[in-house]
Amino acid sequence: MDVTIQHPWFKRALGPFYPSRLFDQFFGEGLFEYDLLPFLSSTISPYYRQSLFRTVLDSGISEVRSDRDKFVIFLDVKHFSPEDLTVKVQEDFVEIHGKHNERQDDHGYISREFHRRYRLPSNVDQSALSCSLSADGMLTFSGPKVQSGLDAGHSERAIPVSREEKPSSAPSS
């Protein structure tokens, strides 16, 4: 039996009208709404299924903004409380770590952990960094930029995560 090998360029998720091959699926991800609707999955071919692009986009994607005056990171951490999050700055990097122990949900028990590391621009004032968690679970890490030529104060330190009562003003992806 011959198996066709696809170049990664052809594996791009192009939406519901360009399904991915069954062999390209993410095993262990569970069933999705379109898996339960037979006319969507079998209309084209029984060996094709819809792309998981939307699912991947909805799973904790971060957004980094760096403009003239400030540097901001938005990170979706809706499954974590401020006590579960650790944010620290080390040299030119900000490290965000989240971990919660096993807890029960509607489908059984689940534990989550992630670790993100971002490079800070050299002109970010590290003494004025802040981090907050909105009511809808959006973590916002920000710091002002200083004029070039001034010392931005690089050192290792922890940044406390404060909780906001209002939803985030970050744009939805």
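Cβ atoms here come from the backbone N, Cα and C positions, even for glycine.
According to Swiss-Prot, the features are:
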type: BINDING; residues: HIS100, GLU102; note: Zn(2+) 1 binding site
type: BINDING; residues: HIS107; note: Zn(2+) 2 binding site
type: BINDING; residues: HIS154; note: Zn(2+) 3 binding site
type: DOMAIN; residues: 52-162; note: domain 'sHSP'
type: MOD_RES; residues: MET1; note: N-acetylmethionine
type: MOD_RES; residues: GLN6; note: deamidated glutamine
type: MOD_RES; residues: SER45; note: phosphoserine
type: MOD_RES; residues: GLN50; note: deamidated glutamine
type: MOD_RES; residues: LYS70; note: N6-acetyllysine
type: MOD_RES; residues: GLN90; note: deamidated glutamine
type: MOD_RES; residues: LYS99; note: N6-acetyllysine
type: MOD_RES; residues: ASN101; note: deamidated asparagine
type: MOD_RES; residues: SER122; note: phosphoserine
type: MOD_RES; residues: ASN123; note: deamidated asparagine
type: MOD_RES; residues: GLN147; note: deamidated glutamine
type: REGION; residues: 1-63; note: region 'Required for complex formation with BFSP1 and BFSP2'
type: REGION; residues: 145-173; note: region 'Disordered'
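Features as recorded by Swiss-Prot, highlighted on the structure.
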residue : record                : Cβ neighbours (10 Å)
LYS70   : N6-acetyllysine       : 15
GLN90   : deamidated glutamine  : 14
LYS99   : N6-acetyllysine       : 13
HIS100  : Zn(2+) 1 binding site : 15
ASN101  : deamidated asparagine : 9
GLU102  : Zn(2+) 1 binding site : 9
HIS107  : Zn(2+) 2 binding site : 7
SER122  : phosphoserine         : 11
ASN123  : deamidated asparagine : 16
GLN147  : deamidated glutamine  : 6
Completion exercise
For LYS99 (N6-acetyllysine) and LYS70 (N6-acetyllysine), the CA-to-CA distance in whole Å is 28
Fill in the blank from the handout: Secondary structure of the domain 'sHSP' (52-162) by DSSP, residue by residue, totals 11 helix, 60 strand, 40 coil
Problem - Rounded mean pLDDT for the residues that make up the region 'Required for complex formation with BFSP1 and BFSP2' (1-63) - result: 52
Practice task
Can you figure out which of LYS70, ASN101, GLU102, ASN123 (the recorded positions) comes closest in space to GLN90 (deamidated glutamine), comparing Cα atoms?
Solution key: ASN123
Handout entry: Distance from LYS70 (N6-acetyllysine) back to the residue listed as 'Zn(2+) 2 binding site', taken between C-alpha atoms, in Å
Key = 42
Fill in the blank from the handout: HIS100 (Zn(2+) 1 binding site) sits from ASN123 (deamidated asparagine) (Cα to Cα, rounded, in Å) at a distance of 34
